[in-house]
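To start, the structure under review is shown below, and the notes come after it.
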Amino acid sequence: MDTKKCVCIGVSGGIAVYKALDIISALRKKDIDVRVIMTEAATKFVTPLPFQSLSQNMVVTDMFAEPKAFEIQHISLAKRADVFLVAPATANIIGKVANGIADDMLSTTIMATKAKVIFAPAMNTNMYENKIVQENIQKLKNLGYEFIEPDSGLLACGDEGKGKLAKPSEIVEKVMEALNNSSLEKDLIGKNVLISAGPTNSSIDPVRFITNRSTGKMGYFLAEEARDRGANVTLVSGPTNLNPPSGIKVINVVTNEEMKNAILDNYDNSDIVIKSAAVADYKIKNYSNKKIKKDDGELVLTFVRDNDILKILGDNKKHQILVGFAAESNDVVENAKKKIVKKNLDFIVANDITSSDTGFASDDNKVIILSKDGKEIYLDKMNKRKVASKIFDTILRKR
Ligand code: CTP
């Protein structure tokens, strides 16, 4: 039994086929077992030989070829793969997979695999932007397939626009990330996890609103961590610039009230609820239907209290494990402890928002996880995905 991690690379036909060689080479240098399946069209651009030499494995091109000594059949490859990469991915292979067509080695293997499948599309801009292709991509994303966006630039056909295969280094990075996540223990299978992320907005008039600096990163990483550990995840997100993660039900909201309603709609059905959103505590008292005109004097706005969503959840808690965040600029632990009691939480994740290299907008965070039974876990500064992992470890009493 081979213990090496295995990446199966499906190469479909396009001018970018040769770039897949760089990807194979980089993965081999990381001691990853690389298996290659080429479509017939791909072999018209580059022969299987360099793929075979670099991967040090036979390249599979024909579903009906006699299995050789090393036993390559689509089912065994589908099982062997820890991550499945399709690069370059043509409109054709994307369309086939999106529509359940399995008529060659690559499409049958993708259909049979349980591994994470990542597509790195490369094609002419007009093809890429074609509504049918975009609909197929969206359909696959909703089903949990991942995509690495193509780059923009001058394409082989002479057109300029989006459609160049993403940089091999970027593709390798995404594959490595997926490989690491593929080895996560699936300890949240069967659990419904509800997460809130990002800011909420409160409108002043038709053109103005107030909000806060939250980017939503922490909540999105929590959602991805839960998904990769096997949970059914619902993410209620305020306005952010982040892409909706695949395999997660995302409910987009804008105001405190909308977030409250979306969370309450899903509360009874949830096992673990984590509120990482930066919810506005106040809303404008008198919303103006018309744009407020400037005047010579001062402009005074009056705000009134809005829902404390987490407190509502705490007051109505039944079986759920309820986790809050505490954004503090002073007396971090003391203030966070008060919030555990006030909002009837099981855990709170406290962070000091005055630090410039962690917290809001940063990729890193330095937090303390406090539990209602008085346990305090001080974590070093680490990236937010890692923080997400530690939070679930703590909730599941693994630390
Ligand atoms: N929260 C919420 N609704 C609010 C405010 C906060 O659900 N109106 C949640 C946040 O998502 C977070 C936790 O409550 O999980 C703590 O948020 P934080 O902003 O730190 O605290 P506040 O409750 O607003 O308290 P304070 O303003 O005193 O710091």
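Any Cβ shown, glycine's included, is placed from N, Cα and C.
These features come from TrEMBL:
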ACT_SITE  Cys157  active site, proton donor
BINDING   Asp281, Lys291, Phe325, Lys339, Lys343  CTP binding site
DOMAIN    7-178  domain 'Flavoprotein'
DOMAIN    189-396  domain 'DNA/pantothenate metabolism flavoprotein C-terminal'
REGION    1-192  region 'Phosphopantothenoylcysteine decarboxylase'
REGION    193-399  region 'Phosphopantothenate--cysteine ligase'
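The Cβ of Phe325 (CTP binding site) has Met218, Ile274, Lys275, Ser276, Ile348, Val349, Ala350, Asn351 as same-chain neighbours under 8 Å, each 6 or more residues away in sequence. Checking the recorded positions Cys157, Asp281, Lys291, Phe325 against ligand 1, the ones with a C-beta less than 6 Å from an atom of that molecule are Asp281, Phe325.
Residue pair Lys291 (CTP binding site) / Cys157 (active site, proton donor) shows a Cα separation of 49 Å. Rounded to a whole number, the C-alpha distance linking Cys157 (active site, proton donor) with Lys343 (CTP binding site) is 60 angstrom. DSSP assigns Asp281 (CTP binding site) to coil in the three-state reduction, placing it in neither a helix nor a strand. Secondary structure at Lys339 (CTP binding site), taken from DSSP and collapsed to helix, strand or coil, is helix.
The record assigns Asp281, Lys291, Phe325, Lys339, Lys343 to the CTP site; their largest pairwise CA distance measures 38 Å. Note: Asp281 (CTP binding site) has non-local neighbours Arg305, Asp306, Asp308, i.e. same-chain residues 6+ apart with C-beta under 8 A of its own C-beta.
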